[in-house]
Amino acid sequence: MTDYPIKYRLIKTEKHTGARLGEIITPHGTFPTPMFMPVGTQATVKTQSPEELKAIGSGIILSNTYHLWLRPGDELIARSGGLHKFMNWDQPILTDSGGFQVYSLADSRNITEEGVTFKNHLNGSKMFLSPEKAISIQNNLGSDIMMSFDECPQFYQPYDYVKKSIERTSRWAERGLKAHRRPHDQGLFGIVQGAGFEDLRRQSAADLVAMDFPGYSIGGLAVGESHEEMNAVLDFTTPLLPENKPRYLMGVGAPDSLIDGVIRGVDMFDCVLPTRIARNGTCMTSEGRLVVKNAKFAEDFTPLDHDCDCYTCQNYSRAYIRHLLKADETFGIRLTSYHNLYFLVNLMKKVRQAIMDDNLLEFRQDFLERYGYNKSNRNF
């Protein structure tokens, strides 16, 4: 049996769904699942210190290979002692492959069998990223969990294009495995692609499962498709993945999508959503989204969320936070970011308890009704 640096332990499966309660063991510690992972694009979760992230309960954070490769450089980070030491974070870190950023940020990209040539979005210089280079960068960063280099086709691309794309992604995954210098202390995940085509998702999953990765990611979702389309893809994709390994849904952070992903057997999620919307004054609360910048909160001396026990809600009022944001004070963004991150990490804590209690569907319905989705009659 292969001795993986990343191990998944299943504790319980919810009676009425495919939801899994478990934990993932890494070289930098163990975290419970299902788990939402805050995104630290530039080796920092925007405005939050490592101590604050630990107080929130973030058992693992994500950093972006593409951005750190361009600035300050993966070799510099390696010389500093690796990403954990560089950013003073002693818990697990996951890095993406850089692929999504190449396709979404870079200009004039050209995809070939060898890799992707593109223009650096910072200075316009010509860059080349291959499966081997993506692995080399992540080996230098020293993350606990790494991603294979993949192509992330748009959800509505033609069938023939997506078929060629997933076949190339499978070949790239094999090349990445061979290039991996640190399989003893960094777990490399394969990424299942295939847009909305069930047979292509099956083909992609079969290819990657045969390569025996320590874990598997589901990519190519949350890229413009409907919530129902995402759920349909998860319905036929997660059962294709090994039960004894982690399952990671990339780029998903809306509360309803988190719960619906868990119902379909997903263990890990990440998204920039909580910090991105926080910078505009949008806060997630138990009763839905609240835009605290709005004038009606100018004299509202209550917390952002009456049911939240985070640092922000225990100490500051809507009126004060609105004042900070209107005055362009960074502390306001710190407070809203802290609250939103806490909200999603704590939501996953409640979801884990609901799995333990075998009442996840009831929890979902109650949450959606309170949050204001009015979607409690969705098909599961």
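For all residues, glycine too, the Cβ spot is worked out from N, Cα and C.
Record features (Swiss-Prot):
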- ASP96, SER97, GLY98, GLY99, PHE100, ASP150, GLN193, GLY220: substrate binding site (BINDING)
- ASP96: active site, proton acceptor (ACT_SITE)
- 251-257: region 'RNA binding' (REGION)
- ASP270: active site, nucleophile (ACT_SITE)
- 275-279: region 'RNA binding' (REGION)
- CYS308, CYS310, CYS313, HIS339: Zn(2+) binding site (BINDING)
Spatial separation of CYS313 (Zn(2+) binding site) from GLY220 (substrate binding site) - C-alpha basis, Å: 35
CYS308 (Zn(2+) binding site) and GLN193 (substrate binding site), Cα-Cα, nearest whole angstrom: 37
Fewest other Cβ within 10 angstroms of its own Cβ, chosen from the recorded positions ASP96, ASP150, ASP270: ASP270
For CYS310 (Zn(2+) binding site), the number of other Cβ atoms found within 10 Å of its own Cβ: 21
Secondary structure of CYS310 (Zn(2+) binding site) (DSSP, helix/strand/coil): coil
Cβ atoms near SER97 (substrate binding site) (within 10 Å, other residues, all chains): 30
Rounded Cα-Cα span from the residue listed as 'active site, nucleophile' to CYS310 (Zn(2+) binding site), Å: 20
Neighbour tally for PHE100 (substrate binding site), based on other Cβ positions within 10 Å of its Cβ: 22
CYS313 (Zn(2+) binding site) versus recorded positions GLY98, ASP150, ASP270 - nearest by Cα: ASP270
Around the Cβ of GLY99 (substrate binding site), the count of other Cβ atoms that are within 10 Å: 26
Cβ within 8 Å of the mean position of the Cβ atoms of ASP96, SER97, GLY98, GLY99, PHE100, ASP150, GLN193, GLY220: remaining residues of the chain near substrate: TYR103, MET147, SER148, PHE149, GLU151, CYS152, ILE191, GLY219, MET250
Cβ-centroid neighbours of Zn(2+) site CYS308, CYS310, CYS313, HIS339, 8 Å, sequence order: PRO303, LEU304, ASP305, ASP309, TYR311, THR312, GLN314, TYR338, TYR342, PHE343
Densest Cβ neighbourhood among CYS308, CYS313 (binding-site residues), 10 Å radius: CYS313
